[in-house]
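J.: First, the structure itself, so that you have it in front of you.
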Amino acid sequence: MLKLFSAFRKNKIWDFNGGIHPPEMKTQSNGTPLRQVPLAQRFVIPLKQHIGAEGELCVSVGDKVLRGQPLTRGRGKMLPVHAPTSGTVTAIAPHSTAHPSALAELSVIIDADGEDCWIPRDGWADYRSRRREELIERIHQFGVAGLGGAGFPTGVKLQGGGDKIETLIINAAECEPYITADDRLMQDCAAQVVEGIRILAHILQPREILIGIEDNKPQAISMLRAVLADSHDISMRVIPTKYPSGGAKQLTYILTGKQVPHGGRSSDIGVLMQNVGTAYAVKRAVIDGEPITERVVTLTGEAIARPGNVWARLGTPVRHLLNDAGFCPSADQMVIMGGPLMGFTLPWLDVPVVKITNCLLAPSANELGEPQEEQSCIRCSACADACPADLLPQQLYWFSKGQQHDKATTHNIADCIECGACAWVCPSNIPLVQYFRQEKAEIAAIRQEEKRAAEAKARFEARLARLEREKAARLERHKSAAVQPAAKDKDAIAAALARVKEKQAQATQPIVIKAGERPDNSAIIAAREARKAQARAKQAELQQTNDAATVTDPRKTAVEAAIARAKARKLEQQQANAEPEQQVDPRKAAVEAAIARAKARKLEQQQANAEPEQQVDPRKAAVEAAIARAKARKLEQQQANAEPEEPVDPRKAAVEAAITRAKARKLEQQQANAEPEEQVDPRKAAVAAAIARAKARKLEQQQANAEPEEQVDPRKAAVAAAIARVQAKKAVQQKVVNED
């Protein structure tokens, strides 16, 4: 008896509220076996054919590709796509895709070469020896996604289930009218489907495995039973035909009696569901080593001459499939991708087949009937009775039209599975599903904007916090920098204060003068002299700085010196001519001549010291020196002629001659030292030196002949001349040492 009750409970099924029974229209396409379609000339492969972000491109225009070669890399939830055939990548550009609005998405366009060559395939026949993580990664990298219509990456779904999955459900209900892709796949490939189910079971290790299939598929049921005859780990449950019993939440409740909580997932109650087509794709990926490059697509409708189910390559244009099936379009012909309740009308036929394409319906005008005009809601509640999710479609309709997003969210619009049962039974012909889709899209956009605002607010608050931290750290640094001075600084400050106090005490000390004593002002006098000396030193430094800063031309300086000497001689001549009878003191004249010569020498010295680095032409300098000596001798002769009666001291004359010779030698030395690098003609230098010596001797002779009548002791004159020469040489040497 207990076994009977256990068996009864084991095979028990539950029924959900709502649902409808539309015409099935499945016999048009489920009677013929699966067949291949000739390759198209061009394939368009969108990078995003699943829920999640598109993968990273790994091919470029002009690349040769083989069938099964990855076109993108799959990282995280990004699912890769693969080449459906061999050929050449001709473009990577946006292209209209399978979407109600025909949105353009980035796609890889391949021109087929007709050879249809595969990449090297490496199958894992002994998949049981592989680790769970390896199998999940292989399924993910081979591009397997949910082929029942959702398109969720299978590898991510298996990874998220983890160890908490107790029941694995294989969805074979296929409840929507016209669609027979899963039915035909189970009839023709039942063994491969079961093998895929075993791979999923090996990964998840569930406690039970259930196959849910509607009772309107007798051939598929018989094929599965034949394959599962010797299996005791997989149970097949045949359920009554009712739309939408193929929904994930509805089928879960039918087979287990468990309800998925609002806003939750089936994994929350220990259930994971996979489609029949997904199980077949898992088998091909793991055992055969073939990425998903094709899927079964139902071609049906009265506008198609040869309806049936075909193996359609992903990326094949819809027009190519329809033309191969004998498509006979009428005026205003529509083509629906998907079923009549959950599908959408294609804006044109150049869109490609993708992973979630399970049916192409081309109905005639008789099948669809005349279009009905939308009318006002009469609140009949027929939609609420038909809703399989236990929602209130009429309330959601009003909230959607009134943009009352909060109320729509409160009434669980997110739980709507968009099955279309409410719109099917609506007597006012209101396209309720369209309103619900639009409302859910608007709510998603609002939440996305709120998320961005929250992230921006978080960034702003983080920035404010960072600025506050930086400000606090800056203030702390200022406080630490404003601490008391160090010990040595304190000592220096104390010493300065002591000196100031001492000076103030000395300044305020009264001066006491005792009777009979003179005040001692020596300190004051010494301080005054020190200040004067300091002022003179500063003045001298300033004068030296100004002299050093003044850059003059040596030739101009020589000219100025010559002009000064000429003016001195002219003044002496004027004085001599103006008063010939006037007795001139010879000593004063000699003093004035000496002063003039001293000024000339000083000017020459300043010229030599002003620019020692300046490059001077030695020949020009020699000429100027000779001119200066000649002018000096001429001035002496004029002085001698102006006062013939004046007796001349021979010793003075000898001294002057020696000084003149010394000047000549010094000038020659300065010229030689000024440019040691300059190449000078030795013959010219010797000639110039000889001329200078000859002029000096001539001057001595003139001085000697000026007063022949004067009796001069020759011995005294010789001694005086020798002494003068020695003194002149000594003076020149001392001057050279000082200048060095």
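Each residue, glycine too, has its Cβ placed from N, Cα and C.
Keep in mind it's a predicted model, so treat the numbers as computed, not measured.
Below are the features I grabbed from Swiss-Prot:
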BINDING   Cys377, Cys380, Cys383, Cys426  [4Fe-4S] cluster 1 binding site
BINDING   Cys387, Cys416, Cys419, Cys422  [4Fe-4S] cluster 2 binding site
COMPBIAS  605-615  compositional bias 'Low complexity'
DOMAIN    369-397  domain '4Fe-4S ferredoxin-type 1'
DOMAIN    407-436  domain '4Fe-4S ferredoxin-type 2'
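What's the neighbourhood like for each of these?
T.: In sequence order, Pro427 constitute the residues six or more apart from Cys380 ([4Fe-4S] cluster 1 binding site) in its chain with CB-CB distances below 8 Å.
Residues within less than 8 Å, Cβ to Cβ, of Cys416 ([4Fe-4S] cluster 2 binding site) and separated from it by at least 6 positions along the same chain comprise Ala389, Leu391, Leu396, Phe436, Lys440.
Across the domain '4Fe-4S ferredoxin-type 1' (369-397), the model assigns an average pLDDT of 92.
With DSSP states grouped into helix (H, G, I), strand (E, B) and coil, the domain '4Fe-4S ferredoxin-type 2' (407-436) comes out at 17 helix, 0 strand, 13 coil.
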J.: Would you count the other CB atoms within 10 A of the CB of Cys377 ([4Fe-4S] cluster 1 binding site), including those on all shown protein chains?
T.: 17
J.: Since the record lists Cys383, Cys387, Cys422 as binding-site residues, which of them has the fewest other Cβ atoms within 10 Å of its Cβ?
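T.: Output over binding-site residues Cys383, Cys387, Cys422: least Cβ neighbours within 10 Å is Cys387.
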J.: Determine how many residues of the domain '4Fe-4S ferredoxin-type 1' (369-397) DSSP places in helix, in strand and in coil.
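T.: Across the domain '4Fe-4S ferredoxin-type 1' (369-397), DSSP assigns the residues as follows: 10 helix, 0 strand, 19 coil.
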J.: Which chain neighbours of the [4Fe-4S] cluster 1 site, leaving out Cys377, Cys380, Cys383, Cys426, have a Cβ atom within 8 Å of the mean position of the site's Cβ atoms?
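T.: My list of surrounding residues reads Ile378, Arg379, Ser381, Ala382, Pro393, Gln394, Tyr397, Cys422, Val425, Pro427, Ser428, Ile430, Leu432.
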J.: Per residue, counting other C-beta atoms within 10 angstroms of the C-beta, which of the binding-site residues Cys419, Cys426 reaches the highest number?
T.: Cys419
J.: Hey, for the [4Fe-4S] cluster 2 site built from Cys387, Cys416, Cys419, Cys422, who else sits with CB inside 8 A of the CB center?
T.: Gly18, Cys383, Ala386, Pro388, Ala389, Leu391, Pro393, Ile417, Glu418, Gly420, Ala421, Leu432, Val433, Phe436
